[in-house]
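Engineer: I'd like to ask you about the structure that follows.
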């Protein structure tokens, strides 16, 4: 078939297909899955997983998954793809969890509306629902993403826990996220853990000085010394809550704690000290609308380099790319 004819047919389908939407928007799936409300179904699966499997840390897992996905190739669910050299195999992603939950949601959706809901959208919706289950507030999620087809460990270049505030602002800026967005998104550390191996230098040999990081409160220093021995074990790498006050709840206590010198990661503590972000942190601590603004920052994260119609695909399984059918191969729909 000639390229000209293929283009004409493609334009015909774009013009007349009622399901063709090229934009990211709220309520993208409304009315498209029969009597099934896609977002309610996702919420129910997340809630069941949370309740029956006692997976109380699912908010931290899914927030981390969304961040790690969106910062590599955009929010395209490339982190979900299996493979010997996929993003899952990259060292920064070794602690990412939540894949079986995403699989369960995808399976439930495929039973009701096959080939409709992308894995990239599932991550965003499930992360929101997990935030709500962990004490956060509901925020609307934009949907309409397509799934990517490329997942390479070599593409994973995420900011480290010891990055400076100024460099972090540049990294987030490259994703069209402002310094305020960055501070709110790092506030996702209100849930979840790090490990002793990642903060050993802050406790015992900060910047090769032989002593602990002086920005750390005496209370935090004592706590971390007890949990993280000077000579680490080869087999035990203890988990450390990133928010020592309320590690299981999504709230603004993280920002209160870093103001007291209780930031576990270097970048977290520097947010409260660096002139570029100190005022932002102070404003968040006083702001009664933390939950609304956190949700707004998550929505902006979900817009990073997304694929919409004409790009990517809707995977049948979140772990593998689809096998092209003859028809779609002719018209290169997913290129």
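The backbone N, Cα and C atoms fix where each Cβ goes, glycine too.
Just lifted these from TrEMBL, have a look:
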- 1-22: signal peptide (SIGNAL)
- 23-322: domain 'Plant heme peroxidase family profile' (DOMAIN)
- 33-113: disulfide bond (DISULFID)
- 68: active site, proton acceptor (ACT_SITE)
- 69, 72, 74, 76, 78, 87: Ca(2+) 1 binding site (BINDING)
- 70-75: disulfide bond (DISULFID)
- 119-318: disulfide bond (DISULFID)
- 159: substrate binding site (BINDING)
- 189: heme b binding site (BINDING)
- 190, 243, 251: Ca(2+) 2 binding site (BINDING)
- 196-228: disulfide bond (DISULFID)
Engineer: Around the recorded Ca(2+) 1 site, report the further residues of that chain (criterion: Cβ within 8 Å of the mean position of the Cβ atoms of 69, 72, 74, 76, 78, 87; site residues excluded), sequence-ordered.
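Structural biologist: Once 69, 72, 74, 76, 78, 87 are set aside, the remaining close residues are 68, 70, 71, 73, 75, 77, 79, 148, 151, 155.
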Engineer: Residues other than 190, 243, 251 within 8 Å, Cβ to Cβ centroid, of the Ca(2+) 2 site?
Structural biologist: 187, 189, 191, 245, 246, 247, 249, 250, 252, 253, 254, 257
Engineer: Round to the nearest Å and give the CA-to-CA distance linking residue 87 (Ca(2+) 1 binding site) with residue 33 (disulfide bond).
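Structural biologist: Spelling it out, the Cα of residue 87 (Ca(2+) 1 binding site) and the Cα of residue 33 (disulfide bond) are 31 Å apart.
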Engineer: Within 10 Å of each Cβ, count the other Cβ atoms, then let me know which of the disulfide-bonded residues 113, 119, 318 comes out lowest.
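Structural biologist: Per-residue Cβ counts within 10 Å for the disulfide-bonded residues 113, 119, 318 bottom out at 113.
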Engineer: Which whole-number mean pLDDT does the model give the domain 'Plant heme peroxidase family profile' (23-322)?
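Structural biologist: Its mean pLDDT is 94.
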Engineer: How many whole Å apart are the CA atoms of residue 75 (disulfide bond) and residue 190 (Ca(2+) 2 binding site)?
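Structural biologist: On Cα coordinates alone, these residues lie 22 Å apart.
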Engineer: Within 10 Å of the Cβ of residue 190 (Ca(2+) 2 binding site), how many other Cβ atoms can be counted across all chains shown?
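Structural biologist: I get 30 for this one.
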Engineer: Restricting to the chain of residue 159 (substrate binding site) and a gap of 6 or more, list residues whose Cβ falls under 8 Å of its Cβ, or answer none.
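Structural biologist: Long-range Cβ contacts: 71, 167, 168, 171, 267.
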Engineer: Out of 70, 119, 189, 251, give those recorded positions positioned within 10 angstroms of residue 76 (Ca(2+) 1 binding site), comparing C-alpha atoms, in sequence order.
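Structural biologist: For residue 76 (Ca(2+) 1 binding site), the recorded positions whose Cα atoms are within 10 Å come to 70, 119.
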Engineer: Cα-Cα separation of residue 78 (Ca(2+) 1 binding site) and residue 318 (disulfide bond), in Å?
Structural biologist: 9
Engineer: Relative to the Cα of residue 228 (disulfide bond), which of the recorded positions 33, 74, 119, 189 has the closest Cα?
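Structural biologist: Nearest in space to residue 228 (disulfide bond), counting only the recorded positions, is 189.
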Engineer: Within 10 Å of the Cβ of residue 87 (Ca(2+) 1 binding site), how many other Cβ atoms are there?
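Structural biologist: Within a 10 Å radius of the Cβ of residue 87 (Ca(2+) 1 binding site) lie 24 other Cβ atoms.
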Engineer: Name, in the order they occur in the sequence, the residues of the same chain whose CB lies under 8 A from the CB of residue 74 (Ca(2+) 1 binding site) and which sit 6 or more residues away.
Structural biologist: 148, 304, 305, 306, 307
